[in-house]
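J.: Structure provided below as structure tokens; questions to follow.
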């Protein structure tokens, strides 16, 4: 479960535009832009323009849809940015304002699927990314249906295989995204995609290399700045780094530190009683723990609960017999801030010296890694 959900798929499912770049910051005409549009099946009403900041859209303007379906927005932009044109909260399209004159056509029944944008060097890059996301969404939905059906039928043997297929699908599509981003290192679309679609916990080296490239080609982009800041925070908890120590109260009230478990392979498990995916994963973690706890493997559970009672009941109900700690501050937990935890479940696997050797291993991937370490 995520702390803040950024709906990246919606952000990246429309065409961008660009010819003559907007880049001047001196308030000249070069900063001005005009978006002229023509809608089918819409002859009245309003249409809205918003600009994407680092985390959310900010309203910019309203235009009237004329009787012939036409509309027009004008504005100023210091540098290329991602904008949203919408008729309502469910019917929208996106574009990049990186040119002075943009022409848009679309069917008002579905702006996202029917829009075209004239004169855009970014459109091809966007469409390639959109194709990857659409493919992932469609294939993922099919696997989810199969997973639910197998779960309902009690076909436990099928669940692990389906979970592995989904992870393989994610891996393949993630590689496709990386190839697109790498090929367009001067693109605000690529900078935003790296910020929002690439998991830096698992792809830190790639994200870091792209941030370096973006800082050379588009240093003034808000997405470049946000990515650079994000990676700076994550650098201290990247794979290969020494895990920062955590010392928090255990269920009995006494403090327990992560460093006290040195000499064992340790899975640091960020979770909470209210987190459905965490609770669903717990049986698998329990199985791994029981299999390897006598071979030098330990788990250090860090709960983002706020209710002591619910925390303790979940530990008991799920039979989680390893060390647990929590300051009962939810997302404001000092450990969550230290490790920049924005979503749970999230795990880190440490070696015997306390160095981070892997992140977010679950299901078959966790089992495979532990098997290789415990030989």
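Cβ from N, Cα, C; glycine included.
So TrEMBL has the following annotated:
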type: DOMAIN; residues: 237-375; note: domain 'Thioredoxin'
J.: When secondary structure is assigned with DSSP, how many helix, strand and coil residues does the domain 'Thioredoxin' (237-375) contain?
T.: 54 helix, 34 strand, 51 coil
J.: What average pLDDT is reported by the model for the domain 'Thioredoxin' (237-375)?
T.: 95
